[in-house]
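> According to TrEMBL:
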{"type": "SIGNAL", "residues": "1-22", "note": "signal peptide"}
{"type": "DOMAIN", "residues": "96-187", "note": "domain 'Saposin B-type'"}
{"type": "DISULFID", "residues": "100-183", "note": "disulfide bond"}
{"type": "DISULFID", "residues": "103-175", "note": "disulfide bond"}
{"type": "DISULFID", "residues": "138-149", "note": "disulfide bond"}
{"type": "BINDING", "residues": "223, 225, 294, 477", "note": "Zn(2+) 1 binding site"}
{"type": "DISULFID", "residues": "238-243", "note": "disulfide bond"}
{"type": "DISULFID", "residues": "244-266", "note": "disulfide bond"}
{"type": "BINDING", "residues": "294, 334, 441, 475", "note": "Zn(2+) 2 binding site"}
{"type": "DISULFID", "residues": "401-449", "note": "disulfide bond"}
{"type": "DISULFID", "residues": "598-602", "note": "disulfide bond"}
């Protein structure tokens, strides 16, 4: 932990302890530990101080000693890139504290300039004033470069302006939707409830079909993240969240971007996409393709509507060119709209809706989808179709769960329409004796997926777990899976994640081939294919060598039922080397990841993620971690997989001291 972070925490918590507020913070869940309550209290206190002092600074131009102190500590306490390139749940404790606190302070500042006596954001210059405030905030706390902050403001302010004007939420309730535990508060105004018909099965799902000669081979492509501006030899280490677009400076002390992409924060050049498609066409006889979204790159501060449409069209044409006779079933990712991540519904103002995107993707998808899918695609980017007799596909728009979809902060109930449609579609499929495949970009257990949505989604999945025979995700850029459990711990379904074609960040490009049962469509096995980026970039003038990285059934288990994968997790917890192997493939054997290794904390996180289908529900996770802990203690020999032991300065030691301090104040 940075010294500045320790000092900041000490200042905030000590003041709360002295006032006796830390254990009476309104809305903080009673399940919080003392450490978590203290840290949450500190975040609230510091955010309030920042709000007050920064507003004074904006209005007077005079920086108070307290604001300078807070600024000096906060701007050096966080990693500027990670908070934009990593999932919030994977951030360090310091980055999570910074993100939560700055979120609260920002919402407070905006809210008070709307309602304050000076009314900076209520007059004719509201947009200019808002941008000035936000860029000042960005610069003062060193959040990102001015270019990135300015671009993000320009793209998102019209939506945020509307939400701030219309919502009744305040900073603690808005920021509590972030997957950061110290930010959580109880907020019943966001409670969702889908009407579910029928009974949920009362035992784990053991259904497992046998292989046959008629099984289907299905390609899973996801997270292509095509960057038409990628520059081989360009600047791969930049301040912005995404790189490899600018020339490498003559005095740079780093290597340029690789020809076939780069492990650093870079997306996918067209020649790698074409090469991958050619490889797949040559090596695999496909029955159909699942494409689970995210075509545009990660330059979320500088996208354009036309640019996104052009990239979607270009990739669509490449797919049609390489696989002219293979049906393709797509779903939307969070990078398809402009601005990125933001989807709404028919209830929001016309000027802020993304109907243009739905119309465009229908113009592309209509060659593969039946006419009856048009209505829901054009309404919300989701659809269903009959694949063959007794078989059905459901493609969801999972932006209804994405925490960077600002409309969730305006009215969380907008997500109920699609969830209820999902339930009703599965109910009809059950009555018709159909088996269903589900495509949805964001895994429900991902930290960036709203837990209210994922709770209801998992209730639906559990109820129809004998109807659903496969769930397919992307988004995380990792070769992984998630088991869906009931609240009583029964294993009901498995979500399979296809990894990503992009290398963003620190991974090898990959694709996956599933073997599906000819009748039930259950996943019987899957094979993952990759290239080693280091080796490929050493020979820029030669096509890279794609290899079969592993076969799931041969390497881990042939029992791909939900209960079978749950048993695999038990085996991983008892045999840490098996879990280490899973982590190795999860990271696509990327050289930087293998060099860093996976220590005990990493192993705990890895097994927990597989066992999580709702971010804040960790029952099975904790059981497996307890077993893993004992197994690691029983290991007689040090692990020899190259794992590097990482040392982390824990909050526990600081907060233990502060707890003792409470009795001295």
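Note that Cβ sites are derived from N, Cα and C of the backbone, with glycine treated the same way.
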> If I take the Cα of residue 602 (disulfide bond) as reference, which of the recorded positions 175, 244, 441, 477 has the closest Cα?
477
> Please report the number of other Cβ atoms within 10 Å of the Cβ of residue 475 (Zn(2+) 2 binding site).
26
> For residue 334 (Zn(2+) 2 binding site), which residues in the same chain are close in space, meaning a Cβ under 8 Å from its Cβ, but six or more apart along the sequence?
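The answer is 293, 294, 340, 341, 399, 402, 404, 405, 441, 442, 475.
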> Neighbour count, 10 Å Cβ-Cβ cut-off, for residue 244 (disulfide bond): what number do you get?
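Step by step: centre on the Cβ of residue 244 (disulfide bond), count other Cβ atoms within 10 Å, giving 30.
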> Checking the recorded positions 100, 238, 449, 477, which are within 10 Å of residue 244 (disulfide bond) at the Cα level?
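Qualifying among 100, 238, 449, 477: 238.
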> To the nearest whole angstrom, state the Cα distance for the pair residue 103 (disulfide bond) and residue 223 (Zn(2+) 1 binding site).
28
> Taking Cα atoms as reference points, which of the binding-site residues 223, 225, 477 is nearest to residue 149 (disulfide bond)?
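Out of the listed candidates, the nearest Cα belongs to 225.
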> When you average the Cβ positions of 294, 334, 441, 475 for the Zn(2+) 2 site, which other residues in that chain have a Cβ within 8 Å of that mean position?
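After dropping the recorded site residues, what remains is 222, 223, 292, 293, 332, 333, 335, 398, 402, 442, 474.
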> For the disulfide-bonded residues 103, 266, 602, work out the Cβ neighbour count at 10 Å and name the residue with the minimum.
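Comparing Cβ neighbours within 10 Å for the disulfide-bonded residues 103, 266, 602, 602 has the fewest.
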> By the count of other Cβ atoms within 10 Å, pick out the sparsest of the disulfide-bonded residues 100, 238, 243, 401, 449.
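Each of the disulfide-bonded residues 100, 238, 243, 401, 449 was scored; lowest Cβ tally within 10 Å is 238.
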> I want the residues beyond 223, 225, 294, 477 whose C-beta is within 8 angstroms of the mean position of the Zn(2+) 1 site's C-beta atoms, in chain order.
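Result: 222, 224, 333, 335, 474, 475, 500, 501, 502, 504.
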> Which number gives the other C-beta atoms within 10 angstroms of the C-beta of residue 441 (Zn(2+) 2 binding site), all protein chains shown included?
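Here the count is 28.
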> Out of 138, 175, 225, 401, 449, 598, give those recorded positions positioned within 10 angstroms of residue 243 (disulfide bond), comparing C-alpha atoms, in sequence order.
none
> Give me the mean pLDDT over the domain 'Saposin B-type' (96-187), rounded to a whole number.
81
